Amino acid sequence: MLPGLAAAAAHRCSWSSLCRLRLRCRAAACNPSDRQEWQNLVTFGSFSNMVPCSHPYIGTLSQVKLYSTNVQKEGQGSQTLRVEKVPSFETAEGIGTELKAPLKQEPLQVRVKAVLKKREYGSKYTQNNFITGVRAINEFCLKSSDLEQLRKIRRRSPHEDTESFTVYLRSDVEAKSLEVWGSPEALAREKKLRKEAEIEYRERLFRNQKILREYRDFLGNTKPRSRTASVFFKGPGKVVMVAICINGLNCFFKFLAWIYTGSASMFSEAIHSLSDTCNQGLLALGISKSVQTPDPSHPYGFSNMRYISSLISGVGIFMMGAGLSWYHGVMGLLHPQPIESLLWAYCILAGSLVSEGATLLVAVNELRRNARAKGMSFYKYVMESRDPSTNVILLEDTAAVLGVIIAATCMGLTSITGNPLYDSLGSLGVGTLLGMVSAFLIYTNTEALLGRSIQPEQVQRLTELLENDPSVRAIHDVKATDLGLGKVRFKAEVDFDGRVVTRSYLEKQDFDQMLQEIQEVKTPEELETFMLKHGENIIDTLGAEVDRLEKELKKRNPEVRHVDLEIL
């Protein structure tokens, strides 16, 4: 049996290199002459000469079908060889003509993925930093004329009073400073000289306070301060000034009564009035300090000075008022002293009761008015120490009225029974009352200084105002703290809707121009430039959205003075 002809194809090879004929004969015995005859009949060389071709291809060989040979053996007789379907000369020549036809070559299309090269910025990168003109002049020892030659960039202003301001690239300023001064060492020497000159200049200014104030006003480091005198004609300042005047007079007359009578209860009341007068003077100092305008060292202002002065006042009441009253009462119990006529003491206590009661009414009316304005109850307003100065006056005058009642009662018992121990017990009672007041003041003012949240209803209102904006998805980590003087600081993490922010940017763009820019993009570098341009503008739009929300919060809630919205 003759197996099939195995064919393989390759470009630009002859017919003889593509066709290979293997003949196998299964005859048990075959004469060499017969075998040679058969091989001469069907030879690869003669067949290849029959089909001359210089450009064969794989698909054409399927048309050539050869062969099969039947070898019959009868004993030792001769063999017959038969070749089936051997191609004729015309067929082979047709195949050769086909193979000579030029091949149709199609262009190869290879998809290559464009990858943007990653930039390595390192641990420190300042090439894109902006600085203001003032910083450029001060830090790099330049002049205004030097900055005129640099590229100017307009950016959004972080201050409420201006919309935008001019900045410069830090790299441009550094290059300009090196051009002016020649080397970093020369620049460092110049900065050192200017620093020394500035220190010397300030030392000269400190010798004259008037020149120093004019210098600060000229530089604009601080805004004009509020007149402290006007603070004491309204609100808590008015209450404090009334209390200082009345308690000062009461202290003077109580000391006269104590000197005249020698009563321990009267001594406690005199000490009580003295401590009240000193503490209220401290409150007045805190009020005058709290209205100062914020400066670079205290960016959130001095409103906490009211709480600080109230805290010190509470400590002073405990040490001076309660301590001396307990000491004098204990000494009266251990060493009783005879008491003179108490008539003048009763008169002074009566006058003190009237005056302290009047001051108490002034403080109560002020607190009620403020509590009503805040939408809070009187009790809650007092317990949370929303107005620390008036709170101190309220508690001190309440303690003063109760102290007068305690002292008058104990002195009356002493007058009736003639036992001075009742008078000493009255001194201990007044001291205990002052200790309770001081403990309450220390606790409430400490809580206020630690940072206290505003009312939950107010926090909810501020949060809903932000959540109702289309550009906001969600609000997280809300913190709203009371800074004192009716000022609130609001902080929140804001999850912005990127689609809304992007649409806000696109609404201000010329779509025809953008479409033309897109059509001009042909290379990855051009695509990068296009994306960076609009990406930076979208980031600026996001910053503008943050500024808009902050202004909206302050406009609808005047008590909110500081807003920090962080992008989540």
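Indices start at 1 and increase along the chain as displayed.
Cβ coordinates come from backbone N, Cα and C, glycine included.
Feature annotations, reproduced from Swiss-Prot:
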MOTIF     462-466  motif 'LXXLL motif'
TRANSIT   1-67  transit peptide
TRANSMEM  239-259  transmembrane segment
TRANSMEM  314-334  transmembrane segment
TRANSMEM  342-362  transmembrane segment
TRANSMEM  392-412  transmembrane segment
TRANSMEM  424-444  transmembrane segment
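Using the rule of three or more Cβ pairs under 8 Å, pairs at least 6 apart in sequence, the transmembrane segment (239-259) is not in contact with the transmembrane segment (424-444). With pairs at least 6 apart in sequence, the transmembrane segment (342-362) and the transmembrane segment (424-444) have fewer than 3 Cβ pairs within the 8 Å limit; the two do not touch.
Panel annotation: around the transmembrane segment (314-334), residues 264, 267-268, 271-272, 274-276, 278-279, 282, 392, 396, 420-421, 423-428, 430-432, 434-435, 437-442, 445 of the same chain, lying at least six beyond its termini, place a Cβ under 8 Å from a Cβ of the stretch. Under DSSP, the residues of the motif 'LXXLL motif' (462-466) split into helix, strand and coil as follows: 5 helix, 0 strand, 0 coil. Under 8 Å from some Cβ of the motif 'LXXLL motif' (462-466) lie the Cβ atoms of residues 472, 475, 478, 480, 490, 492, 494, 549, 552-553, 556-557, 560, 565, all in the same chain and six or more residues away from its ends. Long-range contacts of the transmembrane segment (342-362) within the same chain: residues 238-239, 242-243, 246-247, 249-250, 253-254, 256-257, 260-261, 263, 266, 269, 273, 393-394, 397-398, 400-401, 404-405, 407-408, 411, 414-415, each at least 6 residues beyond the stretch ends and with a Cβ under 8 Å from a Cβ of the stretch. Confidence annotation: the motif 'LXXLL motif' (462-466) carries a mean pLDDT of 92 in the model.
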